[in-house]
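Asks: Dropping the structure in here first, questions after.
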Amino acid sequence: MIKQTLLGLAVVVAPALAFAHSKSEATTPANGATVTEVPELSMRFDDPMRIISVTLTSPDGDVEIERETGMDPSTEFRALPLEELAPGSYRFDWRGMASDGHPMQGSFSFTVAE
Amino acid sequence: MTGLAHIDGLVVLAIVAKALGYSAALLAMGGVLFAAVFSQRAEASVLRLARQLAVGAALVGLAVLAVRFGIRAARISGMGIEGATDAMMLGFVWESPLGTAAIWRGLGEVAILALLIPRFGQWIAMAGTVAVAISFAQVGHALGEPRAALAVLLVLHLLAAAFWVGALVPLYKAARDPAGAELLHHFGNVAAFGVAIVIFAGTSLAWLLSGSVTALLGTAYGLALLLKVAIVAVLLCFAAFNKMRLVPALRTKKSGAIRALQRSISLEMLAVTVILLATAIITSVTAPPVNL
């Protein structure tokens, strides 16, 4: 019963924005941007963030990326695509933990044009 | 909605576990406080119930603490529920403020089990009660600035709330005892101070974490907090009605007074449950306006 209520609440407020700490101040590529090439994927945070899992997905499935930033808390995260990204839309998702212990997650999307 | 985190199945599980953890902590602390404050006035059977409640709640609290570690590890891992037992993820949680809070909470709840030891056990349990209250000041937005003020206010808020919540079950039983009316009357007088502390500390915390009244209306945190305050207001109405009408009726041995008071206390328990659930939602998926 409680679960249903909470899930109902979740549905009502579905277009939920990211959490306060997940103010990933800036990302490369920028969220919603159309770019011709993606030499790197990066995010900057206003407070050190321990980024634990990252995924880059295209309509064809997961795309392999290599993390340059390890799992230690950092205000800057960098990863590189293993291969040149083909034209199409991409979404980068991450999960982690803020310095106050809150579980965090966020995402940004971009399009690669010819 | 501003300042609301993404909600999925694991988050719902985390909220339910957190609310259960709050209940266990408040009942454990409250049972100890009740047994200490009313040691001279309550009947032996009522005191025994308060101690049993504290010990049972402390055991549940310890189990919930372990479960919450797993849920937190699963949430940060991105692996789903499998992350709950991943050593590396559990290590990250342990290193986070949740680890520090867990040490305080765990030691506090173990110390509360000392109620089982006659005589000096209650002093160990009292130290445990304070440790459990302090544990809450080790995580989340209580770590913001001004940290000392936030910590002191939160500890006071919790001790006063625990005193009230932990007294409900023993008082429910006491309503039937011959000497129960005097105990309930005395509780009403002591609780008036407790309520004042809950409201003062709660309002101060809300003010420090919100920054402005307009922030309350435009954010998920603010709206959820207003909902919580509304339920607290209902709870206060029950408490006031008990103190002004039902307890005096019990003292004059009016017929039906026992049942009316017990029903009212049951509704208070229900209100407390909703309040703790609302609090778990607020502290899990919303961020205070000052942190936005």
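Note that Cβ sites are derived from N, Cα and C of the backbone, with glycine treated the same way.
Sharing the feature lines straight out of TrEMBL:
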- B:182-281: domain 'Copper resistance protein D' (DOMAIN)
- B:12-37: transmembrane segment (TRANSMEM)
- B:49-71: transmembrane segment (TRANSMEM)
- B:123-143: transmembrane segment (TRANSMEM)
- B:149-171: transmembrane segment (TRANSMEM)
- B:183-209: transmembrane segment (TRANSMEM)
- B:221-244: transmembrane segment (TRANSMEM)
- B:265-287: transmembrane segment (TRANSMEM)
Asks: Please average pLDDT over the domain 'Copper resistance protein D' (B:182-281) for the predicted structure.
Replies: 92
Asks: Ranking B:12-37, B:123-143, B:149-171, B:265-287 by the number of C-beta pairs under 8 Å to the transmembrane segment (B:183-209), which range is first?
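Replies: Between the candidates B:12-37, B:123-143, B:149-171, B:265-287, the best contact partner of the transmembrane segment (B:183-209) is B:149-171.
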Asks: The transmembrane segment (B:149-171): which same-chain residues, six or more beyond its ends, come within Cβ distance under 8 Å?
Replies: 23, 25-34, 37, 42, 46-47, 49-50, 53-54, 129-130, 133-134, 136-137, 141-143, 180, 183-184, 187, 190-191, 194-195, 197-198, 201-202, 204-205, 208-209, 239, 265, 268-269, 272
Asks: Go ahead and report the DSSP secondary structure tallies for the domain 'Copper resistance protein D' (B:182-281): helix first, then strand, then coil.
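Replies: Split by secondary structure, the domain 'Copper resistance protein D' (B:182-281) comes out as 92 helix, 1 strand, 7 coil.
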